[in-house]
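Colleague: According to Swiss-Prot:
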| type | residues | note |
| --- | --- | --- |
| LIPID | 1 | O-palmitoleoyl serine |
| DISULFID | 89-104 | disulfide bond |
| CARBOHYD | 90 | N-linked glycosylation site |
């Protein structure tokens, strides 16, 4: 009689919330960069450096950018964005659907509607 031992190892993804929080932290601390062109023996080379000298150079794990994101609060025909004006928001939410964030700090109007609809209920 023989015995058999099976050992299984695998990697698993962290919880989606953990990944989202990690990426949000990276986004919030992203470094703005500028592209510098300089001549080397093989021709022109482009490198990125921090836009402001008082910031340390980013590491390989830091998030960097060299163009500002568009302002999604305002309409932009080039990108097809309608902006956030007249959007429905959630007054009680502090998330992305909340009025403070969605209305870009412009304030919001509260409107109460009463509707009469057939509900097709069966009793």
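The backbone N, Cα and C atoms fix where each Cβ goes, glycine too.
Are these features on the surface or tucked inside, and what are their neighbours?
Modeller: Shown in sequence order, 97, 98, 99, 102, 103, 108 are the residues of the chain, 6+ apart in sequence, with a C-beta less than 8 angstroms from the C-beta of residue 89 (disulfide bond).
Residue 90 (N-linked glycosylation site) falls within a strand when secondary structure is assigned with DSSP.
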